[in-house]
Amino acid sequence: MSTPDSATSETQVKLPQKRYYRQRAHANPFSDHQLDYPTMPSEMDWSKHYPTYYPTKDAKCDKKVEFADIGCGYGGLLIALAPLFPEKLMIGMEIRLKVEEYVYERIKALRIQKPGSYQNVSIMRMNAMKFLPNFFEKGQLTKTFFLFPDPHFKARKHKARIISTTLLAEYAYIMKVGGILYTITDVRDLHEWMVEHLDAHPLFERIPDAECEQDPVVEHVRTATEEGKKVARNEGDKFLACYRRIEDPLESA
Amino acid sequence: MKARYTDVVQHPSQEHMVFSYGQGYYVVKTSTGEIIKQVQPSEENKSSGLEHFRTTTFSKDGKYLATTGDDKEIRVWDTTNWEQQSARPVLKRINAMQFTKDGSQVVEADKFGDVYVFPTEVSETTAAEKQEAMKKNKPIVGHVSMLTDMTLSDDEKYIITADRDEHVRVSRFPNGYNIESYCMGHTDVITNIQLLPWAPNVLATVGGDCTFRLWDFMVGKELHSLQYKSHVEKYVPEGVDANSMDPIVMKMELSTKDKIAVLSFAKAPILLVLKWDESTSSFEFNSIVETSAPVLSFGFDIEGNIWTALDDETRVAVYLRKDGSFEPTDGARTNNINTAETPE
């Protein structure tokens, strides 16, 4: 896969059009998707994503990915955050092929349009429910985002929801103590589900809404994504809940 | 045709071995081959066509035997008289289970990816009460993948779980929501994991990628990896698994007596013997034991001999431990178990 950075001189740099990249919203996270993933984090070739920081696979670089948008869709949040946190590496994970291709092309075009910018943002096609520990070390991430996740309305599909008790253990593992997990949805039932599960998980503590509003990222969580804009157009509600990764209360005693 | 024995498990301290054949099990006194007991669920407990005894495990003191199968029931047996003490339902089929050291709890890993802890003593009496208790019990650990094996650490502060997607996860026990580390490196399904009895901070793992790996599991560091493909591949028939051409491990057992590891493989008529080298703190290839038919299960008896359950008319064959190798024996010791009736 050529890096988003390589330019072909004859190509007019246009942003890709979403209508060529539509894919149905639901993908089954339990089926085998023929995904490409490293055996362990140290084996990951980040040069495909951040060539400025990792010119080669084995290049020594102090920077590690710190922000992950799980189910990043069309990449709206990351593209908004990239210029705000130019020193932080961030990645989107998206299971749907066409959507990932769109974001990849978008980042590629942005890197050419604005030289020197958007070198810190990338996307991968990945099943975040299964393979996060293959990419990220313990305590690596300082921000994780779960924006407008698939609600999987039917009771029998609840196990496919991206926030669940068992998955929260994995998210807690890859997050640094003090890191922040952001959730937002327009589906009240899903919001209540996520809050219930996060409240019940001993390694996450709710950040009071007032404190959330102080976070410069929150505004983008609300408005930067496709889904967020669609909800606003339809005058829907947006339910935000942010959590801090904390120490195990059982171990700190 | 008699049903095959599909699971072999040895008592931790007495010379008893349990041979399961789907609908029941036999308890054999290994020094003589005498059958102590035949056990089958009673008629009303039985659901036809299902294998009740796929996975069996003794408690650490040998006082209890827990069995489970496709009927999704966990039965606990008193090993002094081989009477069923209790039966309770589980949500999904269990792939691995283990008693805690004090025998008070059973830890169960299921095919859906969840681990549950239940008390050994079942206080509920009616089916409805048992269903209630089952539903109320929430998993302590969960993978988004089928769990293939599980073990508690020696000090029971950690629980180690292995899955179909190459992950070996180390979590705190019983606070499984806190993941300690991952042992990453295998490139195919992991089928068996076990702590070295003589070095319990070291974990041995095997599966479908033809490597036998050792780990300092608490920090997820690989200590050693042994490639054994060249020793076994000629014995494994082609196309044994739709997903892989490589031999896949069925069972791994460690013997403290000889400090060896023995592996059996799906549809292969062999046992692979690896020997521990004290000077390098790793295992090396020792030998191949050729059997007359694919090995369905096996176990070490109290003397360190290997009892194998084979997929042919012989059914059970014993290999005697002799000067660092294993020799086949005549059928005297296995006569009883092999002529025993095993109704389907």
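The count begins at 1 with the first shown residue.
Glycine too: its Cβ is placed from the backbone N, Cα and C atoms.
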Residue in A:L147, A:L198, A:L203, A:L250 which TrEMBL records at the S-adenosyl-L-methionine site where A:G71, A:E94, A:I95, A:N127, A:A128, A:T225, A:E226, A:E227 also bind: A:L147
Distance [Cα-Cα, Å, rounded] between A:E227 (S-adenosyl-L-methionine binding site) and A:D150 (active site): 11
Three-class DSSP secondary structure - A:I95 (S-adenosyl-L-methionine binding site): coil
Cβ neighbour count (within 10 Å, all chains shown) around A:E227 (S-adenosyl-L-methionine binding site): 21
Alpha-carbon distance [A:D150 (active site); A:A128 (S-adenosyl-L-methionine binding site)] in Å: 13
Pairwise Cα distance for A:T225 (S-adenosyl-L-methionine binding site)/A:D150 (active site) [Å, integer]: 14
Where the record names A:G71, A:E94, A:I95, A:N127, A:A128, A:L147, A:T225, A:E226, A:E227 as binding S-adenosyl-L-methionine, the maximum Cα to Cα distance in Å: 21
Three-class DSSP secondary structure - A:T225 (S-adenosyl-L-methionine binding site): coil
